[in-house]
Ligand SMILES: [K+]
Ligand SMILES: [K+]
């Protein structure tokens with residue numbers, strides 16, 4: 001392990017974090033709403049502490065870095081998300097009404113990982129500057145995952161590598177550092193552009209700049225934090241609430257697609273979408289589930305809604321869940337069990353690789369589905385040759401085994417995570433649905449869960465140790481398991 | 001598709017079923033307890049109908065069968081279990097107090113698949129002859145799965161094939177028909193022997209012959225039907241209840257192990273158990289979970305039990321669930337959520353391949369665990385060569401992909417099955433835990449589920465269509481998915 005590289009890169013990360021905090025501090029300073037003095041102090045203090053530690057790390061790791069070896073890269077990713085969550089939590093700890101250390105870590109990890117679960121029961125008790133920082137953590141988390149996708153996941157494998165190979169811009173041999181930087185910059189531009197367009201639209205629909213930008217940042221990052229206690233449901237009293245919901249659902253949908261493909265399409269190669277199984281399946285599944293739930297709610301005598309009202313509600317919730325954003329309008333906790341089970345499946349699947357969405361990713365789900373379908377055929381045609389193609393890329397047996405392994409591991413972590421949550425919360429009568437919902441909501445970076453942790457509730461009543469455990473699951477899920485699991489392998493830490 | 005082969009083999013199967021029914025009819029005739037005249041009539045009538053249809057099929061398929069081709073073999077297995085469940089349900093339909101067609105199919109499928117879920121709320125309303133038939137279906141189902149393991153699953157693959165290869169008795173080239181018959185006979189002898197020993201023990205502990213044989217047949221088949229409403233909990237008032245529970249847990253445990261390995265060990269090759277990862281892991285997991293739950297219950301202030309009482313309770317329930325038997329003593333529905341989540345994981349894993357137990361099987365779980373562990377290592381050591389060995393057999397990438405695919409498919413079916421149960425039961429306020437429990441209990445051939453379908457309850461309140469769906473899941477799970485899924489592939493039916 002080359003600790004010099006680790007120190008330098010992580011130090012730079014903290015400096016970036018510090019600048020972002022200071023920017024929110026400036027907003028708090030300029031903001032006319034009362035009570036933001038405390039927010040400003042908290043944000044500047046946090047920025048100073050973070051900058052101090054970041055500077056020490058950078059100085060400790062001075063020197064030119066030619067390239068980051070694989071093992072160091074994996075470690076940087078895991079530690080980067082953990083450190084960001086620790087230092088990013090300072091404003092919540094310093095500013096009244098104060099969060100405890102564990103809760104603040106949960107809230108920040110929930111931001112940095114674009115999860116959106118919250119331990120804050122009443123957001124109106126917190127100054128706007130802090131809530132802006134809360135939204136900014138999600139936006140930064142979204143940038144982080146896109147850069148990570150380009151720079152690290154490209155050689156981490158599991159379904160993302162093959163995607164790279166097929167893009168014409170990556171056809172010519174190995175991806176060089178310059179090429180990686182260019183690609184990351186392109187994706188960042190798309191991300192920033194989408195944020196601006198979304199915010200302008202929301203502003204046009206009558207939101208204040210503050211609310212428009214807050215919701216825009218957490219929509220394109222599929223984060224789902226809102227400065228309102230009622231989330232997007234706050235706007236349901238407005239005359240144009242349907243438009244606001246549609247606008248947000250549009251951006252949640254776009255940002256669940258592979259940003260590399262968006263880049264290709266933006267360069268006028270429209271036909272590229274045709275070979276993009278991910279996007280087609282993602283959209284198809286969302287539409288199918290939304291229509292199914294709408295039909296079910298219309299037919300169910302306990303829900304007296306007409307079909308279009310039901311579809312409007314189910315569409316927003318389905319997109320919000322499938323994109324792993326977690327914005328809330330209606331309380332899906334009141335829907336029948338089968339609707340919740342469908343939402344749980346969407347939570348597991350998540351969005352497309354290369355998006356800001358979480359979950360185990362559509363492409364893995366496709367590999368697994370196609371692989372399973374073949375096994376059925378092979379039961380009576382044992383010698384049939386099996387050629388697995390996803391997004392136009394053929395996969396060999398090893399890649400197939402790795403992907404299905406990932407799917408099964410993901411599901412095992414959900415099951416074991418539920419056990420741990422149940423053990424940590426033992427004695428308070430937590431039910432199985434709530435345990436499962438808590439793990440799904442955090443591991444897949446959704447936000448709201450089921451049962452006592454449903455969309456109208458929050459994670460404040462959990463024990464602090466449970467909150468920290470769930471925060472760990474957020475990071476584990478956000479980094480697609482391996483970058484975090486590696487941290488627990490002693491051999492990975494060995495200096496060589 | 002060669003329909004002649006299908007007709008002949010399925011016809012012989014029905015004749016065997018008919019003989020078994022008639023035997024129960026003779027018991028009903030000889031039994032001194034009142035009201036068994038109706039049972040006798042029902043059983044003889046059912047035997048006659050079944051024998052009639054079976055004879056027609058056999059006549060339709062006359063001629064010598066050299067060998068059963070793979071495709072026909074798979075079809076016979078799927079249809080065999082379905083037909084047995086249909087014809088085996090006749091006694092429940094004919095005999096008062098009568099079950100409806102759907103419920104009778106559920107009850108019989110639950111028997112034939114050794115599941116043990118029941119739609120009969122009060123067993124005391126049914127004559128002993130019918131309840132004996134109910135237990136016999138499980139015992140026959142256990143024979144069936146052992147024969148199937150030897151004769152068909154050997155070339156169906158997915159983890160069982162490699163096991164065969166390694167056994168010295170199968171080393172010499174291909175398994176001939178004679179060898180398959182010999183092996184099947186050996187396993188049947190072990191199975192019958194275990195049944196006799198178990199029954200003698202129970203008789204010695206004070207049960208009547210009727211109850212001893214009933215419980216013995218459903219213990220060694222890991223079926224779990226009991227003629228008592230309170231299941232094995234009926235005996236908790238007895239002074240030697242601990243001994244009865246231990247005796248039953250011993251046979252449930254043995255019958256969750258690979259019968260081929262039991263055969264090898266019985267031929268004095270004790271050292272063979274050393275390379276048997278399945279058995280070691282199965283026992284280890286059971287002991288670990290039982291100790292964990294016992295400790296948890298002892299420490300939990302809401303359960304005032306001492307450790308040994310708690311361990312006695314948790315040991316029996318854990319073995320009962322892990323072996324997929326489903327005998328009940330205490331109501332695990334009252335345990336904390338994390339205990340239920342652990343039991344749910346045991347339900348998914350199930351017993352060892354080649355046993356009478358259900359679930360996705362320990363060996364698949366091991367392949368998946370080892371495969372996942374390697375992926376973590378490979379995140380930073382991409383070029384490390386991965387050699388996967390389970391039960392002393394190396395597995396290639398294809399076998400690994402197929403196994404992990406199976407694991408993921410199994411879990412997907414659990415998720416989608418829960419959705420379907422929720423939809424079918426919509427409008428009656430069924431909760432997510434109950435939906436999930438119903439699918440787990442049936443797909444893994446456990447018996448009791450969670451929530452409203454827990455160990456003290458039954459499946460009688462479900463709609464008939466839900467019961468038929470769950471019966472389908474039992475057969476799907478019992479035949480390890482593929483033999484049933486194949487029935488839905490049009491190409492498999494094509495005559496060639
Ligand atoms: K989210
Ligand atoms: K069972």
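Even glycines carry a Cβ here, placed using N, Cα and C.
The feature transmembrane segment is assigned by TrEMBL to B:40-62 (among others). Distant neighbours of the transmembrane segment (B:40-62): 3-15, 17-19, 21-22, 24-25, 28-29, 87, 90-91, 94-95, 129-130, 133; these residues of the same chain sit at least 6 beyond its ends, with a Cβ under 8 Å from one of its Cβ atoms.
Sequence-remote contacts of a segment are chain residues at least 6 beyond its ends whose Cβ falls under 8 Å from one of its Cβ atoms, and for the transmembrane segment (B:74-94) they are 1, 5-6, 9-10, 13-14, 17, 21, 24, 39, 41-43, 45-46, 49-50, 53, 68, 100-101, 103-105, 107-109, 111-113, 130, 133, 137, 140, 144, 148, 152, 156, 471, 475, 478-479, 482-484, 486-487, 492. Taken from TrEMBL, the feature transmembrane segment covers B:74-94 (among others).
Look at TrEMBL and you will find B:136-158 (among others) tagged as transmembrane segment.
Non-local neighbours of the transmembrane segment (B:190-212) in the same chain are 31, 128, 132, 139, 142-143, 146, 219-220, 227-228, 235, 238, 240, 243-244, 247-248, 251, 254-255, 259, 262-263, 266, 356; each lies 6+ residues outside the stretch with a CB under 8 Å from one of its CB atoms. Taken from TrEMBL, the feature transmembrane segment applies to B:190-212 (among others).
Residues annotated as transmembrane segment in TrEMBL: B:246-267 (among others).
Using a Cβ-Cβ cut-off under 8 Å and counting only residues 6 or more beyond its ends in the same chain, the transmembrane segment (B:279-299) has close neighbours at 253, 256-258, 261, 273, 305-307, 310-311, 313-315, 317-319, 322, 335-336, 338-339, 342, 346, 349, 351-352, 362, 365-366. Annotation source TrEMBL lists transmembrane segment at B:279-299 (among others).
Counting same-chain residues at least six beyond the ends of the transmembrane segment (B:314-334), those with a Cβ under 8 angstroms from any Cβ of the stretch are 114-117, 218-219, 222-224, 226, 230-233, 236, 245, 248-249, 252-253, 255-256, 282, 285-286, 289-291, 293-294, 297, 340, 343, 346-347, 349-351, 357-359, 441, 444-448, 450-451, 454-456. If you look up TrEMBL, you'll see B:314-334 (among others) marked as transmembrane segment.
Residues or ranges marked as transmembrane segment by TrEMBL: B:341-360 (among others). Here the transmembrane segment (B:341-360) has long-range neighbours at 113-115, 141-142, 145-146, 149, 153, 159-160, 163, 191, 220-223, 255-261, 278-279, 282, 285-286, 289, 292-293, 317-318, 321-325, 332, 406-407, 410-411, 414, 436-437, 440-441, 444-446, 450, 477-478, 480, meaning same-chain residues at least 6 beyond its ends whose C-beta is under 8 angstroms from one of its own.
Summarising the annotation, TrEMBL assigns transmembrane segment to B:405-424 (among others).
Under the heading transmembrane segment, TrEMBL lists B:436-456 (among others).
The transmembrane segment annotation in TrEMBL covers B:468-493 (among others).
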